[in-house]
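This report refers to the structure that appears directly beneath it.
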Amino acid sequence: MWGDKMRYFPIGVFDSGVGGLTVLKRLMEVLPQENYVYFGDTRRVPYGDRSKEEIKAFTKQIMNFLKKKNVKIFVIACNTISAVFEKEGKEIVFNVVEAGVKSAVETTCNKRIGVIGTRRTTEERIYSNKIKEINKSIEVYEVACPELVPLIEKGFYKTESVKRVVIECVKNLKEEKIDTLVLGCTHYPIVIDYIEEALIGENVRIVDPAERLAYDVKEYITRVNMINPNGSGQVQFYLSKMTQSFIEIAKILLEGKINNYNVSIVDITKY
């Protein structure tokens, strides 16, 4: 389908910051032989309170940058970007929302699904709309948790402040008797322990869209014969600003895949 050499090109993964590392982790578990290029917009995070126009402009810059890195597919590892993304070219693009929607519909038994995400994601009602396209009888309750991403990006992901925010975020969803909760932001798996604790005794199954996404990507590149036959799982990281929390979280999630030699700073506004 594509030129044979493209199978050796890396997979491009991008997010507003550290959240996309949870997606990269899943991809590397499912496709360990692939090489990856990761971009985190750590200078302009969070995206959740930005306008659609800003997010679209930032996304275009990031994708232009990743094209220069010869990525064979793009993985949008950010729900906020996914919620406003409009495909323009012929690029192969996967996003977490599509995967999360499919997983949520397959998971729910009582047809009551909760979604926690950024303000932009929940205001777009992207999960509600796409879930109802599949099954109109499913009720979807979306709650914005705007405080979480800034706290996680600052490195406060194991604090009482985060715990309190999580409890407040899921409180109303528990009252709606949901049986499925979608993590509608890729930062949230980083605080999964607090989320699970807040849901103890509620018999709620948690959906991390990245799990389905990784297998969707694998299925696609296998089908079009684009699996890298001799890759080594290398990752090149690019950030718009160096932050200690990014390095710390990457070391925890990716277990040795990040060091001083594979992290570069890029002025993304030039793209």
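Cβ coordinates are placed from backbone N, Cα and C, and glycine is handled just like the others.
Sequence annotations record features per position, and here Swiss-Prot assigns active site, proton donor/acceptor to Cys78, Cys185. Per Swiss-Prot, substrate binding site is recorded for Asp15, Ser16, Tyr47, Gly48, Asn79, Thr80, Thr186, His187.
Taking the mean position of the Cβ atoms of Asp15, Ser16, Tyr47, Gly48, Asn79, Thr80, Thr186, His187 as the substrate site, the remaining same-chain residues with a Cβ inside 8 Å of that point are Gly17, Gly19, Gly20, Val45, Pro46, Cys78, Ile81, Thr118, Thr121, Val149, Cys185. A distance of 5 Å separates the Cα atom of Asn79 (substrate binding site) from that of Cys185 (active site, proton donor/acceptor). Within its own chain, His187 (substrate binding site) has Gly17, Val18, Gly19, Thr22, Leu148, Val149, Ile152, Glu153 as residues 6 or more apart in sequence whose C-beta sits under 8 angstroms from its own. Of all Cα pairs drawn from Asp15, Ser16, Tyr47, Gly48, Asn79, Thr80, Thr186, His187, which the record names as binding substrate, the longest spans 12 Å. Annotated pair Cys185 (active site, proton donor/acceptor) and Thr80 (substrate binding site), C-alpha to C-alpha distance, rounded: 7 Å. Around the Cβ of Thr80 (substrate binding site), the same chain contributes Ser16, Tyr47, Gly48, Ile55, Gly117, Thr118, Arg120, Thr121, Cys185, each under 8 angstroms and 6 or more positions distant in sequence.
When secondary structure is read from DSSP and collapsed to three states, Asp15 (substrate binding site) falls in the strand class. Calculated from their C-alpha atoms, the gap between Cys78 (active site, proton donor/acceptor) and Thr186 (substrate binding site) amounts to 6 Å.
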